[in-house]
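**Q** Pasting in a structure now, in structure tokens, and then I'll have a few things to ask.
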Amino acid sequence: MVHAVTTDRITPLLHRYPFLHQYYVGRLRTDLSRWAERGLVRREDVDAILKDAGAADRAPGSLPNLLALLGAVLVAAGALLFLAANWEGMGRIAKLAVLSAALWGAHAASYAALRVRSDQFAEAMMLLGVALFGAGIMLIGQIYHLSADPPAGVLLWALGAIVAAWAWPSQLAACGALVLISLWFTLAAPESPLAVYLPFLPVWAAMLPPILRTRWMAAYHVALASAAWFVVVTLVMLMSEDAGASEDLLRLGSALAALFLTAGSLLSALVPAVPFAVPLERYALTGALAAVSLLALPSFHDGRAAGDPWWSGMAALVLLAALAGAVFRWRLASDRLALGAVVLVAVAVGCAVVPAEHGWLALAALNLALVAALIGLIAEGYRRDDRFVVNLGFLAFALTILRLYFDTFWLLFDRSLFFMVGGLLVIALGWILERKRRHLIGGLGEAA
Amino acid sequence: MNREGSGREPLTRGSRLLILALVQTAVLAALIGYRQWTLETGTPVVLAIRPVDPRSLFQGDYVQLSYEIGHLRIDRLAGDDDLERGETVFVDLQPGRPAWQATGVWRRRPVAAPTGAVLRGRVDWVAEQQCEESGTGESTAIVPCRIAGIHYGIESYFVPEGKGREWERPVEGERIDIRVAVNRAGTPAISAILVNGQPQVEEGLF
């Protein structure tokens with residue numbers, strides 16, 4: 001505990017004052033050679049440890065890093081402006097020569113930076129190379145009247161970025177590749193006859209090995225966001241194509257979110273996987289709450305018959321898998337987050353079998369379950385020492401209570417009374433919840 | 001200093017960088033090479049375009065070309081007529097004068113007749129419409145029909161401004177066709193712009 005606190009205080013100092021870091025690496029080198037002589041560490045590990053300590057020098061987002069990136073962007077912008085101004089007068093050979101020179105120039109600059117051990121600048125130049133590769137695809141497409149197929153062009157560009165992310169290996173290139181993969185999916189899916197654009201998945205998964213192996217947390221977040229985008233866009237496309245009613249798709253979406261939450265929860269039981277489990281749990285928890293909250297809106301129900309058996313069956317199947325995982329996790333370490341989410345989603349999915357004439361009953365039950373689940377979520381967040389869960393729980397609880405008030409009393413009350421009571425409710429809710437939240441969060445700090 | 005370690009590291013990364021640069025260059029070169037291979041080995045096919053202001057073709061701008069085979073009456077053609085948006089289709093073409101004509105639209109690639117060519121495209125839309133149909137003599141009838149909008153990836157063409165001025169500009173009333181080369185995979189590449197059947201602009205490597 002004491003060591004962790006000390007390290008936490010020193011790390012920012014090491015980043016702020018490079019000479020401190022140099023001193024630390026120098027000291028480490030002396031110590032390591034002594035430890036190696038005494039047989040405390042293996043000789044073959046010494047280089048790897050020193051390399052890692054040296055690489056820890058540059059905090060992501062440090063000034064030289066940002067300047068190198070900014071420089072790369074400026075050079076790229078300048079090159080593009082120059083080309084745009086002189087494009088008309090240039091022949092094909094000249095255009096191709098400029099393009100190749102820019103591409104190889106960027107890689108040569110990257111190599112030169114590597115030689116002087118300026119890794120950040122080298123990586124920025126490598127990224128510039130990836131950007132120029134994309135520009136090259138577009139320019140060659142224009143010069144040679146290649147078939148106008150934007151998704152294919154973006155996919156090719158994304159593959160270039162994937163190769164760069166693997167070869168370097170570069171976290172920034174991985175982030176860029178994931179953004180390009182998402183863009184490709186966004187362009188290609190609406191044009192495709194496929195209801196679910198499955199080709200996205202293998203290309204997306206191609207980025208996972210380096211992310212997991214190298215523990216790139218920023219790229220991992222981008223990968224999760226990209227996967228969430230895939231799920232949301234796919235569900236919206238299915239809705240707009242009238243493949244299923246919005247409620248059916250939201251039920252399936254909430255079941256999927258519960259499944260991902262369970263997966264995250266199971267991962268968190270494996271110590272080495274904890275850093276990857278937490279963001280997955282958070283994304284999935286937010287998704288499940290959003291989907292169930294939408295389902296709990298009275299205005300969302302159009303009074304149609306109960307859910308379609310096919311979609312409800314799919315949701316139930318996914319939910320069963322989630323349930324199995326959540327029960328296993330609960331028995332493993334009495335972790336209730338996944339299980340609670342599965343129960344809440346089960347109520348939402350269960351509403352699908354309630355006949356339309358009793359729809360209001362199902363809706364009331366779902367809203368009750370939602371409020372109970374949110375209270376449970378706050379308690380679980382507190383038990384787990386997890387500020388994110390506590391804050392998310394409070395936010396969702398406040399929004400749900402206000403929404404319930406609007407749903408229930410808008411038609412019943414006189415308008416002036418409605419607003420006055422509503423105002424008082426907002427003030428009271430805000431005051432009580434914020435006090436309670438601070439109390440709990442304060443408790444978390446002390447507990448830690 | 002561990003000179004050996006510090007010397008080896010940039011080399012390893014340097015060679016990876018070299019591979020990255022080579023792969024990127026190879027992909028860009030392949031884009032050009034594939035098109036050149038199509039131009040040199042493909043079957044030349046003349047395609048009629050829907051009326052376009054001929055002068056706009058030569059003013060140094062993008063031109064959106066709309067081909068006659070871009071709107072096909074699939075209920076009258078051989079092949080599949082239950083096509084859906086987004087599907088890849090193969091259009092059977094037979095020589096005609098002055099332009100080639102579509103004779104069939106298929107989901108699966110048909111074997112091209114010795115004199116014909118098979119062009120690959122993608123369905124943009126399918127619509128049930130009312131079409132005019134000429135009957136016997138001068139009478140026309142309005143009948144329900146099924147039309148598919150298909151694109152082939154050769155719909156935009158860029159004429160450099162400098163070159164456009166050198167070309168003899170066609171006047172209103174002159175016929176403009178596009179000659180494309182269709183490779184074995186069915187992918188087309190524009191090889192020439194024809195004015196009254198004569199090539200006005202020929203595409204090459206440089």
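A Cβ is built for glycine as well, from the same backbone N, Cα and C atoms used for every other residue.
Annotation comment: TrEMBL describes A:34-172 as domain 'DUF2157'. Per TrEMBL, transmembrane segment is recorded for A:66-87, A:93-114, A:126-144, A:150-167, A:219-240, A:252-271, A:283-300, A:312-330, A:337-355, A:361-379, A:388-406, A:412-433.
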**Q** Same-chain Cβ contacts of the transmembrane segment (A:312-330) under 8 Å, 6 or more residues past its ends?
**A** 248, 251-252, 254-256, 258-259, 261-263, 265-266, 269, 336, 338-339, 341-342, 345-346, 349, 352-353
**Q** Pop the mean pLDDT for the domain 'DUF2157' (A:34-172) in here, whole number is fine.
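**A** Mean model confidence (pLDDT) across the domain 'DUF2157' (A:34-172) is 81.
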**Q** So what's near the transmembrane segment (A:252-271) in sequence-distant terms, Cβ-Cβ under 8 Å and 6+ beyond its ends?
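**A** For the transmembrane segment (A:252-271), the sequence-distant neighbours (Cβ-Cβ under 8 Å, at least 6 residues beyond its ends) are 231-232, 235, 244, 277-285, 287-288, 291-292, 295, 311, 314-316, 318-319, 321-322, 325-326, 328-329, 332-333, 335, 337-338, 341-342, 345, 348-349.
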**Q** Under the DSSP assignment, what numbers of helix, strand and coil residues are found in the domain 'DUF2157' (A:34-172)?
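**A** Result for the domain 'DUF2157' (A:34-172), in helix, strand, coil order: 110 helix, 0 strand, 29 coil.
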